[in-house]
Amino acid sequence: MHGPIPQNLPLCPNGLRGQPGPVRQLCRVLNRSRRVDIRSFRQALDSKKCQGRSFVSIDETWDRNMAVKKHKYEFGGPPGAFGIVFGLPVLLWTFFFVCNDKSGCPAPSTLSPRTLSLEKLKAEIPWPADGVWGFCSWEVFGWTLAYYFLSLVLHVVLPAQEVLGTKLRESGRPLKYRFNAFSATVLQLAALAVGTYLKGADFVVWTYISDNYLQLLTANIIIGYLLSVYCYVCSFSVKPGNTENRELAVGGNTGSLIYDFYIGRELNPRVTLPLFGEIDIKTWFEFRPGLTGWIILNLAFCAKQYRNYGYLSDSIIFTTAVQAYYVLEGQYYEAGVLTMMDIITDGMGFMLSFGDIAWVPFLYSTQTRYLSIYPVHLGWTGIASVFAVFATGFYIFRSSNTQKKLFRTQPDHPSVKGMPFIQTKRGTKLLTGGWWGMSRHINYFGDWLQASPFSAPTAIAGYIILPAGSAVSGAITMLDGREVVQGAARGWGMLFTYFYVLYFAILLIHREGRDDVACSEKYGEDWENYKKTVKWRILPGVY
């Protein structure tokens, strides 16, 4: 990796005469091209001959200028980071309380804001008897840690694919990664299938999740905070020069505590555990407990619907199936994560810690949680329609990514040979044909399109739960006699069940913007020419 020398940098301020050999050679390179290999630069500066020389001021100026260059805030800077770090957990708790299995989705009193009171709201939501202290329990926290321990054991004992990642910025050396999330998830699901076969919908795992959902959510939020603190503190032990294959993320070393805590300071934190060996924290959390937990939560809500009604609706079966496929397919191609922004650019902070183990599983399972109380029947026509959308999005997403990979690794492959491209000054090629001639991130559109049917099966969402014997026309009756009707809540539940689709669109648009900035810095004029050739960002003809 090379970096530009700032134009105002005083190169060899005392001249070449009297400077040691390595310094004279380095100065000539700097003055000629103003680009230098960072490792060679620092080795020369750290040599004994350089110590005490005025030349060392170059290193200080380099660090100062590079720090300014890296000081680019995203997500609203420190205020935005503060809001996300302390606001998103509150949002997840709000989703659980307001869209609930006690009174409705949303809670009926929220439909009349003028008469809304805290006491009335608490009576309609599953608020713990002991208040906020009931948000978590030591027992649930212990079982949550046991689940993480199981995931860790499977990571170590199951056969795995070992892959070298991209070269690190400072050392130029890659890290080795171990991938077997797919087989680990399949093994866990197989064990759950056996338990369900023996005990049915009353299998202890399913009832435990339903009965302790709030505590499980809080436990994972706490773990997300603890993991973020651990990674942040450990990042200050990273030594300059990457002597231990550790380095800081470019965007996570701004000097702002809350922002760096959120975005992540260290790029690739690892920990060595007794019996388990070295674990890459970021990739392990990216594909394991959270994604597998997403499937498990969905299955728990399927079991809950069966306990409530004695059957499974086609909507919850479809939603659970396509989301499970989405996760398993991603885990099957787990090694592809090594080229994603999450791994090569972002540090390991609250953004990824909380996102991986709390936000993804508990927010993304909102649809099945809703359907466990209000079953929607789509019929064959409805199922075919939402499946067609999912299949179209999946095809665009997978085929576009495959095309890009073949172009990079097998340029003579018949499917990509002869496609137009832009040759960059860096030596790499920017594909401007096929899927990638339509938009600069056509894969993002495919990803969003295949995710949109996750919410569609909830239809025009919203319900109110009435006591047994209400005898309301059009109500769905649970096995315990309670009746569920949409009534005044119809449509308002979409704030919860369709939130994911809106959030995911915003996420992808924001990520495209981050990619654009990164590529502009990386390719310079070549990227501007590329944007003139491929004009659309994500959706051709629209954006």
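Glycine too: its Cβ is placed from the backbone N, Cα and C atoms.
Feature list (source: TrEMBL):
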{"type": "TRANSMEM", "residues": "79-98", "note": "transmembrane segment"}
{"type": "TRANSMEM", "residues": "140-158", "note": "transmembrane segment"}
{"type": "TRANSMEM", "residues": "179-198", "note": "transmembrane segment"}
{"type": "TRANSMEM", "residues": "213-233", "note": "transmembrane segment"}
{"type": "TRANSMEM", "residues": "309-328", "note": "transmembrane segment"}
{"type": "TRANSMEM", "residues": "348-366", "note": "transmembrane segment"}
{"type": "TRANSMEM", "residues": "378-397", "note": "transmembrane segment"}
{"type": "TRANSMEM", "residues": "460-479", "note": "transmembrane segment"}
{"type": "TRANSMEM", "residues": "491-510", "note": "transmembrane segment"}
Flag the pair the transmembrane segment (491-510) / the transmembrane segment (213-233) as in contact if three or more Cβ pairs fall under 8 Å (sequence separation 6 or more). no
Which residues of the chain, 6 or more past the ends of the transmembrane segment (79-98), have a CB below 8 A from one of its CBs? 73, 105-107, 110, 125-127, 135, 213-214, 217-218, 221, 256, 258-259, 261-263, 350-351, 354, 358-359, 362-363, 366, 496, 499
With the cut-off at Cβ under 8 Å and a gap of six or more residues from its ends, the chain residues touching the transmembrane segment (348-366) are 75, 84-85, 88-89, 92, 95-96, 99, 217, 220-221, 223-225, 227-228, 231-232, 252, 260-269, 281-282, 285-286, 289-291, 293-294, 297-298, 301, 323, 342, 454, 496-497, 499-500, 503
Among 179-198, 309-328, 460-479, stretch most in contact with the transmembrane segment (140-158) (C-beta, under 8 angstroms): 179-198
Applying the under-8 angstroms CB criterion, which one of 179-198, 213-233, 309-328 scores highest with the transmembrane segment (460-479)? 309-328
Other than its close neighbours in sequence, what residues sit by the transmembrane segment (309-328), given a CB gap under 8 Å and a spacing of at least six beyond its ends? 182, 185-186, 291-292, 294-295, 298-299, 301-302, 364-365, 367-368, 371-372, 375-379, 382-383, 386-387, 390, 450-451, 453-454, 457-459, 476, 478-479
So which residues does the transmembrane segment (213-233) touch in its own chain, when a touch means Cβ under 8 Å and the partner is 6 or more beyond its ends? 89, 92-93, 96, 126, 128, 134-137, 140-141, 144-145, 148, 260-261, 264-266, 269, 281, 285, 293, 347-350, 353-354, 356-358, 361-362
